[in-house]
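Annotation source TrEMBL lists signal peptide at 1-19. According to TrEMBL, the domain 'Inhibitor I9' annotation covers 26-102. The domain 'Peptidase S8/S53' annotation in TrEMBL covers 143-628. Among the features that TrEMBL reports, active site, charge relay system is placed at Asp152, His225, Ser569. Marked as domain 'PA' by TrEMBL: 403-481. Marked as domain 'Subtilisin-like protease fibronectin type-III' by TrEMBL: 679-777.
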Amino acid sequence: MKIIISCFFLLLILVPLLASSVEKKVYIVYFGEHKHGEKAFHEIEKTHLSYLHSVKESEEDATSSLLYSYKHSINGFAARLTPDEASKLSGMEEVVSVFPSHGKYSVQTTRSWKFVGLDEGEDHSWNKFKMGGEDLLSKAKYGKNVIIGVMDSGVWPESPSFSDEGMDPTPKSWKGICQEGVGFNSSHCNKKIIGARYYVKGFESAHGPVNATEDYLSPRDMDGHGTHTASTAAGRQVSNVAALGGFARGTASGGAPLARLAIYKACWAIPNQPKANGNTCFAEDMLAAMDDAIADGVDILSVSIGTAEPLPFEDDTIGLGALHAAKRNILVVCSAGNNGPAPGTLSNAAPWVITVGASSLDRTFFAPLILGNGLKIIGQSVTPYKIKEQMYPLVYAGDVVVPGVPQNVTGQCLPGSLDPDKVKGKIVVCLRGAGLRVGKGIEVKRAGGVGFILANSEANGNDVLCDSHLLPANAVTYDDRTKILDYINSTKNPMAMIRPARTELHYKPAPFMAGFTSRGPNVVDPNVLKPDITAPGLNILAAWSEASSPSKIPDDHRSVKYNLYSGTSMSCPHVSGAAALLRAIHPDWSIAAIKSALMTTTGITNNIGRPITDSLGNIATPFQFGSGHFRPVKAADPGLIYDASYDDYLLYLCYAGPKALKEIKSAFKCPDEPPSSVNLNYPSFAIPNLNTTVAITRTVTNVGRRKSRYFFTAKPPAGVRVKASPSILHFNRVGQKQSFTITVSPRNDPTARKSEYGFGWYTWADGYYHVRSPMAVYLP
Ligand SMILES: *[C@@H]1O[C@H](CO)[C@@H](O)[C@H](O)[C@H]1NC(C)=O
Ligand SMILES: *[C@@H]1O[C@H](CO)[C@@H](O)[C@H](O)[C@H]1NC(C)=O
Ligand SMILES: *[C@@H]1O[C@H](CO)[C@@H](O)[C@H](O)[C@H]1NC(C)=O
Ligand SMILES: *[C@@H]1O[C@H](CO)[C@@H](O)[C@H](O)[C@H]1NC(C)=O
Ligand SMILES: *[C@@H]1O[C@H](CO)[C@@H](O)[C@H](O)[C@H]1NC(C)=O
């Protein structure tokens with residue numbers, strides 16, 4: 001039986017040139033899209049093996065080198081190959097591309113739902129909604145007919161957040177399984193966790209068998225990250241939970257508390273490293289997980305995984321899997337990454353995924369620190385340990401090191417760096433920068449210190465991260481660090497007192513952008529503005545693995561059910577949960593429509609009515625927050641949407657995809673002159689070099705009132721003129737589409753800033769709806 005292989009698009013043919021060594025590496029051999037209908041899976045595997053056999057010595061050799069045969073929608077396989085074998089395969093007619101695997105991927109309350117207006121009986125005065133959060137939840141039936149897949153480090157199924165009490169039977173459409181393994185059997189799935197699988201062949205190929213003391217060879221989570229993200233997206237409402245020490249007490253809930261969860265574990269503990277260093281996820285394992293998730297029938301896939309630097313399309317496994325998902329109208333929601341504040345750091349930039357940045361909540365852990373000169377500094381702390389409310393000697397770590405500590409790590413409190421004779425009985429100021437945050441506290445404790453102050457670097461700004469330290473602690477902003485160090489330097493006997501901390505709500509201003517959130521511009525395609533949106537990702541409380549510890553470092557033997565954690569990994573599942581509610585309310589919407597609704601209804605001011613800032617108090621830009629802070633309640637009723645189809649994404653790739661695309665036979669016929677990617681029907685736009693007038697086309701679909709008239713307004717950056725034609729759009733029915741052209745041109749303006757990006761907005765408004773899009777324009 002012959003499989004019809006359609007080579008769609010995408011992916012540069014990577015031929016390793018230095019082919020002298022015969023060392024085998026894992027490669028992914030990609031054929032595009034399956035067209036097999038109900039074809040038997042073993043036939044597909046046989047075909048894949050025949051390709052493999054054609055470059056291998058024997059059938060046994062082919063069979064033993066095969067890791068995965070992707071059978072559902074992704075047509076391809078992963079196998080151990082020599083560079084020579086990989087090169088032979090890439091030369092074959094049907095093969096779209098061959099690319100080497102890598103493990104560059106890593107995983108990067110709750111108050112947050114109240115903060116965005118998605119909770120009952122709470123004051124959302126800074127976010128006035130017509131419809132209350134409770135209305136949205138009940139209209140969406142709390143997401144009970146929606147299935148959210150979570151690709152991460154697994155799950156701790158015993159968490160009360162995953163109870164299935166009172167839930168309806170699993171949807172009939174569900175095709176997934178509950179894969180058994182270490183500490184995980186079929187009874188761990190229920191009507192909440194309706195599926196669980198794990199993918200380890202790529203990991204084991206690189207690192208050898210999973211070490212049972214470091215991870216579970218099963219969907220069970222030994223880390224905490226996957227449990228945290230899954231419960232943020234779709235955890236049940238569990239009242240009266242708190243972090244260690246009673247901080248952040250309240251009701252923990254996912255965005256779609258009755259949505260179903262399907263767990264795809266593709267990230268594993270890095271051997272011989274503290275868990276706090278994060279997990280590692282291999283391209284071929286993730287692709288297998290995504291292929292299964294699509295076939296199992298998830299509606300949304302939440303992916304809090306990324307890379308340290310942006311990956312081009314030909315290397316972007318998550319983007320590739322997400323494109324196959326897009327064909328089936330499955331929305332993939334991704335974290336933007338934690339590599340800020342440097343520009344151009346964001347990952348997961350494919351336009352068919354939602355890329356989520358991270359910002360703060362209006363909750364702080366108010367912790368006064370009194371200096372000997374009377375100066376009171378308000379840090380943050382969630383330490384469960386008590387310290388006497390009295391003055392202790394205060395030292396800067398850089399002044400109390402053992403000889404030989406390198407200059408570049410002085411003040412960092414790295415293991416073994418502090419001199420116990422100079423630290424005993426004192427409070428020590430440690431700087432952030434190198435090493436694990438909780439590890440710094442452990443070093444102070446080892447050297448006999450009574451408490452420590454974790455001081456932000458300039459890059460950290462005001463992102464005060466609340467870790468569960470193992471001694472009394474206080475974390476301070478960069479500004480406060482300067483004050484403390486100045487004080488230490490100004491006196492002979494510096495002293496300080498750490499006072500007890502407490503949880504404070506309604507902190508102002510909030511939100512602000514986290515310093516760590518990865519930034520635009522989108523270096524993969526600067527014509528598409530990324531990230532798309534921001535959501536809470538700073539000190540988020542959610543469920544945790546009881547096999548882990550709150551700090552995930554080896555010397556921490558505490559176990560918790562809920563934990564505070566920070567990252568774009570935490571903001572991503574917030575948007576996944578919200579998208580699940582939109583999917584429930586608008587089952588007929590495309591993924592582009594859901595994304596558009598989320599993006600055009602965002603907030604761009606904080607709770608004091610000012611523009612959202614970065615972590616240093618400067619006004620933040622769309623390169624940090626995309627369209628703005630998500631507002632799920634508004635997103636349910638956006639007025640207009642910018643729709644796009646799967647074919648639109650393929651057309652986009654004709655322009656923006658790798659050059660090799662043009663050389664391969666393709667089922668999707670690219671036009672000879674594909675339109676510029678700036679014309680993808682996206683709810684925002686970016687122009688990377690405005691040296692002449694640029695015309696941008698867009699089409700909006702009416703999903704609001706039947707009869708309506710929308711007016712165009714724009715607030716472009718200085719030195720840029722923006723006009724729309726037509727500038728009034730009339731609609732007579734729901735579902736009606738109207739196209740318009742935006743003309744962007746440079747104009748003389750002495751205040752214009754040259755050789756950098758400027759930011760602005762344009763809006764379609766009918767007096768009720770405000771459909772707002774951001775723009776980023778670079779003036780040469
Ligand atoms: C699954 O594991 C639990 C304990 O973890 C055990 O009580 C139960 O009997 C097991 N069920 C099956 C079907 O093996
Ligand atoms: C398994 O991991 C533990 C903890 O990291 C380590 O001590 C042990 O040596 C590892 N075992 C093997 C076989 O690598
Ligand atoms: C400090 O410098 C040493 C030697 O130059 C280098 O090996 C080390 O990685 C540096 N450490 C940090 C944290 O930058
Ligand atoms: C203290 O002051 C000295 C001299 O002005 C300076 O070199 C040093 O960096 C300061 N130390 C701190 C911790 O600010
Ligand atoms: C204008 O910018 C585009 C995009 O960067 C570039 O390709 C083109 O060469 C530029 N034209 C001029 C006249 O500088």
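All residue numbers here begin at 1 and follow the chain in the order shown.
Using N, Cα and C of the backbone, Cβ positions are placed for all residues, glycine too.
Overlay of TrEMBL feature records on the structure.
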residue: Asp152; record: active site, charge relay system; CB count, 10 Å: 30
residue: His225; record: active site, charge relay system; CB count, 10 Å: 28
residue: Ser569; record: active site, charge relay system; CB count, 10 Å: 30
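For ligand 2, there are no nearby active-site residues; that is, of Asp152, His225, Ser569, none has a C-beta under 6 Å from one of its atoms. With respect to their backbone Cα atoms, His225 (active site, charge relay system) and Asp152 (active site, charge relay system) stand 7 Å from each other. Residue counts for the domain 'PA' (403-481) under DSSP (helix as H, G, I; strand as E, B; rest coil) come to 21 helix, 15 strand, 43 coil. Shown for the domain 'Inhibitor I9' (26-102): DSSP residue counts in helix, strand and coil, namely 30 helix, 26 strand, 21 coil. Per-residue pLDDT, averaged over the domain 'Subtilisin-like protease fibronectin type-III' (679-777), rounds to 97. Taking the Cα atom of each, Asp152 (active site, charge relay system) and Ser569 (active site, charge relay system) are about 10 angstrom apart.
Mapped onto DSSP classes, the domain 'Subtilisin-like protease fibronectin type-III' (679-777) shows 1 helix, 58 strand, 40 coil.
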